[in-house]
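Structure, as structure tokens:
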Amino acid sequence: MTEDKVTGTLVLAVFTAVLSSFQFGYDIGVINAPQQVIITHYRHVLGVSLDDRIAINNYALNSTEELPTSLGDPTPVSWAEEETMTSASLITMFWSLSVSSFAVGGMIASFFGGLLGDKLGRIKALLVANILSLVGALLMGFSKLGPSHILIISGRGISGLYCGLISGLIPMYIGEIAPTTLRGAIGALHQLAIVTGILISQIVGLDFILGNHELWHILLGLSAVPAILQCLLLFFCPESPRYLYIKLDEEAKAKKSLKRLRGSDDITKDITEMRKEREEASNEKKVSIIQLFTNASYRQPILVALMLHAAQQFSGINGIFYYSTSIFQTAGISQPVYATIGVGAVNTVFTAVSVFLVEKAGRRSLFLIGMSGMFVCAIFMSVGLVLLSKFPWMNYVSMTAIFLFVSFFEIGPGPIPWFMVAEFFSQGPRPAALAIAAFSNWTGNFIIALCFQYIADFCGPYVFFLLLVWSWPLFCSHFLKFQKPKENPLRKSQQSSERRGVQLKRQKLL
């Protein structure tokens, strides 16, 4: 059967597409390694360097002169303390904005990825989106020459807009060009490219490579390289045959695209499947985001999709490096950054493993195994951290639990939500479904980025256990009752919901 064939054109198209996913991961991880270097630069630009703050304290403690004030007569020490606290708060504010502006941009743009893909086509939409990527990279790359805090915040926000667009575009495109039997494995490559980008950003962010006072701006602007490469390669990639056939009704172009992707003239099965989907789509009105929740045919699939993304984000995976650093320091590792890179490497390896497992073990099974494993690891992490002061050897228990936590995440909860949404819906509601799912993911990302430190301060070592206790029932209540057939992953799930919707209507009429 030709549908199982992996052709050079398919490899080129998927590789080119997931360069966007790589940029996504790179932009997530690149800001972490040079944190202290960038904060030091912020102090210099804003005139509140560490040396200045020390000088203020020394002056306040040793001088007998009155310091100017408009708020009565505080002592020199209180004036200096207030000045120091204000300076520290200013730096913290700009650093927090530098990190979180990326997620804000992603939240805003996530609604428009599918819509842009429908308006311009998948290839042209990616070309247009790369304009944002290049602008963001250039702002960050030249941030050392101007007001760095403003340029980095702006660049991160614009890069977030780009990543928000592609978080809907890439799963849609690679899901539409992939052969049916390889759709899950190819869909998982989106997540693999993301974690690879995170790992590469951690490596090149080492202080002896680019994460130092001289080269940190180049580190931030380096995402322009995959953006330029993708722009060049996109001219050689075929447009989505599903988009051409179903959306534009251009059968000849769709067949040409399919023949390139399949490497054969025998495309009867693909055309038959798309023809059936087009007939069904022609009977469907344009589906809005609101209709996904009000229409019984779409309600359960979209709720499942949202819960999958919520469970992914609120599992605590994005906060894992907060505790890993302290644990590795406690274990006596002089350079905990290398241990963190080790976690990133495990992250990448097990994502690659999931690519091969997803078609054999099934989506639901892998998600269940992953969530169950993370739940157990969270317990061991919490126990290890609670007992660390009494039993120093418990740090090794926590270290092992962190590595296993990441491994279980990438077996299922990491990659599966991204491509499952494209499989749940037909061509009509798919763009709206991808938009709302991407928005859900970005919203969870932003909430964790903004609140994790406060939750960790309040809950201490129980933070991961608490997050998983919250996300587990969300997953169970929606995903366990959703039986997803294997034979037609693009339509069977929705048809099942449509039948239930018809049955509900009949019951109401009776």
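Yeah, the Cβs are placed from backbone N, Cα and C, and that goes for glycine too.
Taken from Swiss-Prot as is:
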type	residues	note
TOPO_DOM	1-10	topological domain 'Cytoplasmic'
TRANSMEM	11-31	transmembrane segment
TOPO_DOM	32-96	topological domain 'Extracellular'
CARBOHYD	Asn62	N-linked glycosylation site
TRANSMEM	97-117	transmembrane segment
TOPO_DOM	118-122	topological domain 'Cytoplasmic'
TRANSMEM	123-143	transmembrane segment
TOPO_DOM	144-157	topological domain 'Extracellular'
TRANSMEM	158-178	transmembrane segment
TOPO_DOM	179-191	topological domain 'Cytoplasmic'
BINDING	Gln191, Gln312, Gln313, Asn318, Asn347, Glu410, Trp418	D-glucose binding site
TRANSMEM	192-212	transmembrane segment
TRANSMEM	216-236	transmembrane segment
TOPO_DOM	237-301	topological domain 'Cytoplasmic'
TRANSMEM	302-322	transmembrane segment
TOPO_DOM	323-336	topological domain 'Extracellular'
TRANSMEM	337-357	transmembrane segment
TOPO_DOM	358-365	topological domain 'Cytoplasmic'
TRANSMEM	366-386	transmembrane segment
TOPO_DOM	387-400	topological domain 'Extracellular'
TRANSMEM	401-421	transmembrane segment
TOPO_DOM	422-431	topological domain 'Cytoplasmic'
TRANSMEM	432-452	transmembrane segment
TRANSMEM	455-475	transmembrane segment
TOPO_DOM	476-510	topological domain 'Cytoplasmic'
REGION	490-510	region 'Disordered'
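Taking the Cβ of Glu410 (D-glucose binding site) as reference, residues of its chain lying under 8 Å away and at least six apart in sequence are, in sequence order, Gln191, Val195, Asn347, Phe350, Thr351, Val353, Ser354, Gly370.
Site extent for D-glucose: among the recorded binding residues Gln191, Gln312, Gln313, Asn318, Asn347, Glu410, Trp418, the largest C-alpha separation is 17 Å. In the structure as shown, the Cβ atom of Gln312 (D-glucose binding site) sits within 10 Å of 28 other Cβ atoms. Taking the binding-site residues Gln313, Asn347 in turn and counting surrounding C-beta atoms within 10 angstroms, the largest count is reached at Asn347.
The C-beta environment of Asn318 (D-glucose binding site), restricted to residues of the same chain at least 6 apart in sequence and closer than 8 Å, consists of Asn445, Ile448, Ala449, Phe452. Beyond the ends of the transmembrane segment (123-143), by six or more residues, the same chain brings 17, 20, 23, 113, 116-117, 151-152, 154-162, 165-166, 169, 173, 217-218, 220-224, 227-228, 230-231, 234, 237, 239 to within a C-beta distance below 8 angstroms of the stretch.
Contact between the transmembrane segment (401-421) and the transmembrane segment (11-31) does not hold: fewer than three of their C-beta pairs are under 8 Å, each pair 6 or more apart in sequence. Here the transmembrane segment (158-178) sits against the transmembrane segment (11-31); at least 3 CB pairs are under 8 Å, leaving out pairs fewer than 6 apart in sequence. Of the Cβ pairs linking the transmembrane segment (192-212) with the transmembrane segment (366-386) and spaced 6 or more residues apart, fewer than 3 are under 8 Å, so the two regions do not touch.
The D-glucose site, placed at the center of the C-beta atoms of Gln191, Gln312, Gln313, Asn318, Asn347, Glu410, Trp418, has further neighbours from the same chain whose C-beta lies within 8 angstroms: Ile194, Val195, Ile317, Phe409, Pro413, Gly414, Pro415, Pro417.
All protein chains shown were included, and the count of other CB atoms within 10 Å of the CB of Gln191 (D-glucose binding site) stands at 27. Across all of the topological domain 'Extracellular' (387-400), the predicted model scores a mean pLDDT of 84.
Counting only same-chain residues 6+ beyond the ends of the topological domain 'Extracellular' (144-157), those with a CB under 8 A from a CB of the stretch are 27, 31, 38, 41-42, 45-46, 94, 97-99, 101-102, 104-105, 135-138, 216-217, 220. Remote same-chain residues near the transmembrane segment (432-452) are listed as 99-100, 103-104, 106-107, 110-115, 164, 167-168, 171-172, 287-289, 291-292, 298, 301-302, 305-306, 309-310, 312-314, 316, 318-319, 322, 417, 421-422, 424-425, 463 (criterion: CB distance under 8 Å, separation of at least six residues from the stretch ends).
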